[in-house]
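What TrEMBL says about this protein:
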type     : residues   : note
MOD_RES  : K482       : N6-(pyridoxal phosphate)lysine
ACT_SITE : K482       : active site, proton acceptor
BINDING  : R577, M754 : substrate binding site
DOMAIN   : 684-808    : domain 'Alanine racemase C-terminal'
ACT_SITE : Y705       : active site, proton acceptor
Amino acid sequence: MIWFSDLPALTNGSVLSMDQNQLITNLITDSRKGSNVEGSVFFAIKGPHHDGHLYIKDLYNQGIRQFVIECEIAGLSTLAGCNILLVESSIHAIQAIASAHRSNYNIPVVGITGSNGKTIIKEWLYQLLSPDYKIAKNPGSYNSQLGVPLSVWQLQPYHQLGLFEAGISEPAEMEKLAKIIQPTVGIFSNLGSAHDEGFESRKQKAEEKFKLFENSTIVIYCKDHLLIDEVAVRSNKKLLSWGFSNNADIIIRKDGNYFLISYQNEQERITIPFTDSASVENCLHCVALLIYLKFDLKEINNRIAMLRSIPMRLELKEGINQCQIIDDTYNNDLAGLQISTEFLANQHQKKTKRIILSDVLQSGLPDEDLVKKIAEVIARRKVDFFVGIGELLSKHKKYFPSSSTFFESTEAFLTDFDETKLQNEIILVKGARPFQFEKIVNKLQRKVHGTVMEIDLNAVVHNLNFFKSRIKPSTKIMVMVKAFAYGSGSTEIANLLQFHKVDYLGVAYADEGIELRKNNISLPIMVMNPSEDSFNKLIGHHLEPEIYSFKIFHSYLNFLDGRESTIHLKLDTGMHRLGFDEGDIEELKGLLIKHQNITVASIFSHLAGADEAMHDQFSKQQGEKFFRLANDVSSILPAKPLYHLLNSPGILRLPEMQFDMVRLGIGLYGVDPTQERIGALKPVATLKTFISQIKTIPAGESIGYGRRGNAEKEMRIATIAIGYADGFSRAFSRGIGKVLINGKMASVVGNVCMDMTMVDVTGIDAREGDEVIIFGKEFSIHDVANRINTIPYEILTSTSERVKRVFVAEGI
Ligand SMILES: *Cc1c(COP(=O)(O)O)cnc(C)c1O
């Protein structure tokens with residue numbers, strides 16, 4: 001138990017005000033995550049792009065009364081009835097508190113680190129051990145300097161085992177995490193290239209990671225990783241190694257489809273239900289831990305055989321009757337429920353929200369307490385309809401709103417639930433594994449016909465943060481979501497951007513803006529090509545037109561007839577596309593003086609060659625001209641409008657010209673449009689399809705329309721379910737295009753057809769139904785674009801709307 005009065009000693013902080021001592025139950029770091037008020041403490045964190053101190057008043061208004069802050073802010077003394085602690089670093093304070101909390105528990109805790117596999121190993125151990133232990137673990141991959149203390153804070157008196165993973169990107173971080181997790185048992189998964197840049201050498205990285213196990217009684221690792229072995233042996237710790245080499249403690253032999261495990265005098269053949277080497281390695285770490293926990297090898301085999309692969313993410317899918325489905329059918333525990341319901345709460349595309357939830361199994365809490373907790377989480381998220389499935393929820397339905405419905409089992413739901421009730425809703429489907437909720441998702445989702453564009457929402461956030469790190473904190477961001485957000489799905493992307501508080505959205509046409517408004521996007525939106533017939537709609541939906549010529553300005557003024565409106569002025573400084581020229585400025589000023597009903601929100605221009613150094617001199621001239629003309633216009637305005645000039649390549653290459661705002665486009669979607677390929681961006685879109693059929697074609701035969709493909713020798717040909725109508729250009733015909741199948745490149749044979757394409761899979765391990773990647777993380781969109789002499793912009797935006805978009809986000 002930690003009380004507010006304990007914090008000064010734990011954190012070296014000083015109390016600025018103390019109203020009433022409270023028991024601390026809840027640590028909050030994100031002002032957007034609505035939470036319990038009683039016992040909550042908000043930690044204001046000041047980062048390069050975000051300052052938690054700005055939200056203290058909001059939180060106060062929500063009822064929060066305990067704050068830990070890093071600097072004094074104006075108006076603090078006006079907040080009556082608060083406990084306020086001033087510390088040097090709020091993150092260090094949370095770490096210290098979590099560490100003190102951990103020290104109160106005398107239970108086995110497994111600490112997992114390494115470059116890859118941490119989350120999977122942790123989740124599998126959870127699956128393997130939850131029949132025997134009440135377990136606390138990190139939700140998802142909350143393994144950072146902040147994620148770890150928040151995870152460890154969840155430890156409760158009824159827990160019997162902790163499973164915590166720790167991730168680091170620089171030296172000195174692990175010592176802090178070690179003090180928080182205090183693992184009694186360590187697992188070192190492996191050592192790869194991730195975060196190499198933060199360390200002098202791989203060896204230094206291995207040593208740093210090993211610091212997690214400073215006070216562990218034993219460390220489990222794979223002896224075949226020589227660097228890890230070296231560091232482990234030198235540590236003088238008690239070790240339990242496994243490996244394919246003979247000097248490991250647990251010796252593994254591959255034996256056909258089995259793995260022969262030898263430990264001390266026992267041997268057992270174990271079935272691992274995965275074939276890829278990463279999964280096998282992760283499984284063997286689990287085997288080693290179970291051996292350490294004294295499970296019998298036969299029992300280990302039984303349990304390992306039941307492991308399922310872990311979709312470490314939530315998927316947002318199109319459902320029946322205009323619904324959207326959040327597919328989260330892998331597991332269900334209280335921490336995961338927080339994450340998924342928060343994801344649901346952040347989706348504003350649909351007004352009506354519903355949760356279909358199974359019982360939470362093996363929580364360790366008494367039944368009724370558990371149901372109360374679930375009901376609390378649901379109540380906090382303002383859900384319109386709740387559907388509970390399982391005996392436990394059904395038995396305690398009194399804790400849920402009266403609009404809720406209950407079913408004893410998944411089968412009962414599938415037969416009795418009337419799905420025509422679901423119209424235009426967003427539905428979270430979350431269930432523990434034994435409930436087989438994938439059957440529910442199957443029933444409620446619109447069938448996806450093979451070819452999908454997968455959009456990684458975490459990558460979008462990563463890229464947004466990367467661009468924020470490249471500009472001054474005060475510079476605003478307009479994100480261009482024109483052309484269906486560069487093919488990525490405008491409403492979902494806009495919803496995410498709204499949550500992450502960008503300043504503006506930009507679209508090409510009024511209709512694109514209206515679509516966003518219909519999906520509850522309330523950010524200011526600039527429309528670049530407003531047409532006369534759209535003026536009415538612009539006003540009706542609070543869309544702000546770009547005014548680029550006298551013709552459009554006059555017709556807009558006529559239409560307004562004195563009504564007020566906000567506009568954006570576009571100047572042409574050398575792109576020679578749209579915009580007012582230098583010679584127009586005087587007349588423009590005259591019009592603006594005359595029409596005081598017009599508010600100029602911003603003045604902007606566009607660079608013609610921001611992506612290439614050879615044009616830097618020209619870009620600079622554009623910048624200077626822009627500044628001069630914009631100042632001239634502003635001189636007659638009552639308030640200075642925002643100035644903006646830079647697109648994505650401009651932000652990367654010419655940040656000195658960022659003015660008041662930047663216009664981020666393709667970079668958000670993970671494509672670096674410059675030659676520099678900074679490598680820090682994460683690809684957002686993966687276009688994939690599948691193999692419909694495979695044939696062996698004898699030498700001498702032709703393939704496809706116009707008989708343009710020829711089998712010079714016998715060939716294996718796969719027909720894949722994508723064609724030019726999906727946006728797979730016909731220019732990829734006859735060997736120009738390549739696709740990725742099971743890690744191998746396969747060339748297009750013959751002409752691309754409307755809905756299908758034939759590719760050469762001779763010598764590739766490919767089967768009917770296998771996945772085919774057209775572009776994505778593994779096969780960069782730059783390479784794909786180069787093959788047909790175009791640019792990534794065109795490849796991204798030409799994927800047709802008939803290809804379903806599936807949105808994925810980190811989950812569990
Ligand atoms: C599309 C567009 C952008 C964004 O360009 P990217 O190169 O995709 O970053 C910026 N400004 C204007 C005027 C645009 O039309």
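Quick reminder: no glycine exception, Cβ is built from N, Cα and C everywhere.
Counting only the Cα atoms, the space from M754 (substrate binding site) to Y705 (active site, proton acceptor) is about 11 angstrom.
In the structure shown, the C-beta of K482 has more C-beta neighbours within 10 angstroms than that of any other entry among the recorded positions K482, R577. Reduced to three states, the DSSP call for Y705 (active site, proton acceptor) is helix.
It is 40 Å from the Cα atom of Y705 (active site, proton acceptor) to that of R577 (substrate binding site). Per-residue confidence over the domain 'Alanine racemase C-terminal' (684-808) averages out at a pLDDT of 95.
Between R577 (substrate binding site) and K482 (N6-(pyridoxal phosphate)lysine), the C-alpha separation comes to 17 Å. Counting every protein chain shown, the number of other Cβ atoms lying within 10 Å of the Cβ of Y705 (active site, proton acceptor) is 13. DSSP assigns R577 (substrate binding site) to coil in the three-state reduction, placing it in neither a helix nor a strand.
In the three-state DSSP classification, K482 (N6-(pyridoxal phosphate)lysine) falls within a helix.
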